[in-house]
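Participant: Pasting a structure here, questions to come.
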Amino acid sequence: MALLLCFVLLCGVADFTSSLSITTPEQRIEKAKGETAYLPCKFTLEPEDQGPLDIEWLISPSDNQKVDQVIILYSGDKIYDNYYPDLKGRVHFTSNDVKSGDASINVTNLQLSDIGTYQCKVKKAPGVANRKFLLTVLVKPSGTRCFVDGSGEIGNDFKLKCEPKEGSLPLQYEWQKLSDSQKMPTPWLAEMTSPVISVKNASSEYSGTYSCTVQNRVGSDQCMLRLDVVPPSNRAGTIAGAVIGTLLALVLIGAILFCCHKKRREEKYEKEVHHDIREDVPPPKSRTSTARSYIGSNHSSLGSMSPSNMEGYSKTQYNQVPSEDFERAPQSPTLAPAKVAAPNLSRMGAVPVMIPAQSKDGSIV
C-alpha cells in the first residue's frame with residue numbers, strides 16, 4: 001500500500017513538472033573544413049507554456065579563454081544574427097517557422113575557428129530547456145604527393161613516400177600496385193599501410209605503377225607513382241664526361257680572359273701613341289731664298305760661258321721664277337724692304353755675290 005502511494009505521488013510530480021522539452025539528444029558532430037554543419041535542436045511545448053518564445057544559440061570557443069557568446073537569437077518573432085563577427089553571414093535557422101518546434105541551425109563554410117561547444121536554449125515561460133553539441137572541424141587530406149626518395153637502380157636501397165600537403169590526424173594510408181600482377185612485392189606487405197615503404201636490394205620486378213590512398217574521418221585523397229628500376233648507370237663514363245666538360249669550360253674561360261687582356265693592351269697602346277708628343281718637322285725652305293739661289297746659279301752659269309757659246313742659248317727671263325717651282329696663292333701687297341748699307345751687310349754675315357751685267361744686245365759686260 002505504501003509503495004502504491006509513492007508511485008501515485010511520483011506520477012503527480014511528473015505531471016506537474018512536465019513542460020517545454022528539447023527532444024534532440026546531445027551529440028558530437030564532425031565535419032570537414034568548407035562544408036556545412038547541421039546542428040539539430042527540436043523541442044515540444046506544453047499547454048502551460050504561455051510566455052513569449054525565445055530561442056538562443058551560444059558558442060563556447062575551444063580555447064576556453066572566451067565566455068559564451070550569442071551567435072543567433074529569435075525573440076519577438078524576429079531573428080538577430082549579427083552578434084558574433086566570426087560567424088556573421090554563415091549561421092541560419094533551418095526552418096522558416098521556428099515556433100513549430102524546430103530551432104535547428106546550419107553553419108556554412110566551416111573554418112577551423114568554428115570548433116567549439118554550441119548550446120541551444122529554448123525559453124517559453126515557465127518552461128526552459130537547453131542542449132549542447134560539440135562541433136569538430138577537420139581538414140580533408142589534399143595535395144598528396146608520391147615520390148621515390150633515392151636512386152631507383154637495381155641493387156640499391158630507396159624509399160617510396162606518400163605525403164599529403166594537409167589533412168587532420170589521424171591519417172590512414174594504403175598502398176596498391178596497379179600494373180602487371182597487381183600484387184605488392186612480398187617484402188613490402190608489412191608497410192602497405194605506412195606512409196613510407198623501405199625498398200631493400202631493389203630488383204627489376206619492382207617496376208610498375210603504384211597508388212597511395214590517404215584518408216581520415218572526413219575525406220580521402222590519392223596519388224600515383226611510376227617506379228622504374230633500371231640497371232646501374234656507367235658512373236666511370238659519367239665522371240669522365242664531367243671532368244672533360246670541366247676542363248673544356250676552363251679552357252674556354254682562359255681563352256676569353258686572354259682575348260680580353262690582349263684587347264685592353266691594344267687599346268692602351270693606341271691611347272699612348274695618340275697622346276705622344278712628337279718633335280715638329282723643320283719648316284720648308286723659303287721660296288724666296290730658293291728663287292734667289294736659282295737666279296744666282298743661272299748668273300754664275302752665264303758668267304762662265306763665252307759669247308760664242310751663248311748664241312744658241314735663249315734669253316732667260318731672270319726677273320721671273322718658273323711657275324712649276326713656285327705656285328702660290330696671291331698675297332697681299334707688302335712694303336718694299338729697307339735698304340741696308342754694305343758695311344752693315346758684312347757685319348750681319350752676308351756674302352757678296354758678283355752678278356754679271358748684261359748689255360742691251362745680250363752680251364755680258
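Every residue, even glycine, has its Cβ placed from backbone N, Cα and C.
Reproduced below are the annotations present in Swiss-Prot:
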COMPBIAS  269-282  compositional bias 'Basic and acidic residues'
DISULFID  Cys41-Cys120  disulfide bond
DISULFID  Cys146-Cys223  disulfide bond
DISULFID  Cys162-Cys212  disulfide bond
DOMAIN    141-228  domain 'Ig-like C2-type 2'
CARBOHYD  Asn106  N-linked glycosylation site
LIPID     Cys259  S-palmitoyl cysteine
LIPID     Cys260  S-palmitoyl cysteine
MOD_RES   Ser297  phosphoserine
MOD_RES   Ser304  phosphoserine
MOD_RES   Ser306  phosphoserine
MOD_RES   Ser323  phosphoserine
MOD_RES   Ser332  phosphoserine
MOD_RES   Ser363  phosphoserine
SIGNAL    1-19  signal peptide
TOPO_DOM  20-238  topological domain 'Extracellular'
TRANSMEM  239-259  transmembrane segment
Participant: How do the residues of the domain 'Ig-like C2-type 2' (141-228) split into helix, strand and coil according to DSSP?
Facilitator: 9 helix, 42 strand, 37 coil
Participant: Looking at the recorded positions Asn106, Cys146, Cys212, Cys223, which has the shortest Cα distance to Cys259 (S-palmitoyl cysteine)?
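Facilitator: Closest by Cα: Cys146.
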Participant: Which one is it: of the recorded positions Cys41, Cys162, Cys260, which Cβ has the fewest other Cβ atoms within 10 Å in this structure?
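Facilitator: Comparing Cβ neighbours within 10 Å for the recorded positions Cys41, Cys162, Cys260, Cys260 has the fewest.
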Participant: What does DSSP assign Cys120 (disulfide bond), in three states?
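Facilitator: For Cys120 (disulfide bond) - judged by DSSP and reduced to three states - the answer is strand.
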Participant: Let me know the most crowded of the disulfide-bonded residues, choosing from Cys120, Cys146, Cys223 and counting other Cβ atoms within 10 Å.
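Facilitator: Counting every other Cβ within 10 Å of each candidate, the maximum falls on Cys120.
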Participant: Near Asn106 (N-linked glycosylation site), which residues of its chain come within a Cβ-Cβ distance under 8 Å, counting only those 6 or more away in sequence?
Facilitator: Thr36, Ala37, Tyr38, Leu39, Val91, His92, Thr94
Participant: Rounded to the nearest angstrom, how far is the Cα of Cys223 (disulfide bond) from the Cα of Cys120 (disulfide bond)?
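Facilitator: The separation of the Cα atoms works out to 42 Å.
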Participant: Between Cys212 (disulfide bond) and Cys223 (disulfide bond), how many Å separate their Cα atoms?
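Facilitator: One finds 5 Å between the Cα atoms of these residues.
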Participant: How many other Cβ atoms sit within 10 Å of the Cβ of Cys259 (S-palmitoyl cysteine)?
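Facilitator: By my count, 10.
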Participant: Through the lens of DSSP with three states only, how would you label Asn106 (N-linked glycosylation site)?
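Facilitator: In the DSSP reduction, Asn106 (N-linked glycosylation site) maps to strand.
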Participant: May I ask for the distance between Cys223 (disulfide bond) and Cys41 (disulfide bond), taken between their Cα atoms and rounded to an integer number of Å?
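Facilitator: Spelling it out, the Cα of Cys223 (disulfide bond) and the Cα of Cys41 (disulfide bond) are 41 Å apart.
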Participant: Over the topological domain 'Extracellular' (20-238), what does the predicted model average in pLDDT?
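Facilitator: Within the topological domain 'Extracellular' (20-238), the model's average pLDDT equals 93.
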Participant: Out of Cys146, Cys162, Cys260, which of these recorded positions is nearest Cys41 (disulfide bond) by C-alpha distance?
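Facilitator: In terms of Cα distance, Cys41 (disulfide bond) lies closest to Cys162.
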Participant: Including all protein chains shown, what's the count of other C-beta atoms within 10 A of the C-beta of Cys212 (disulfide bond)?
Facilitator: 25
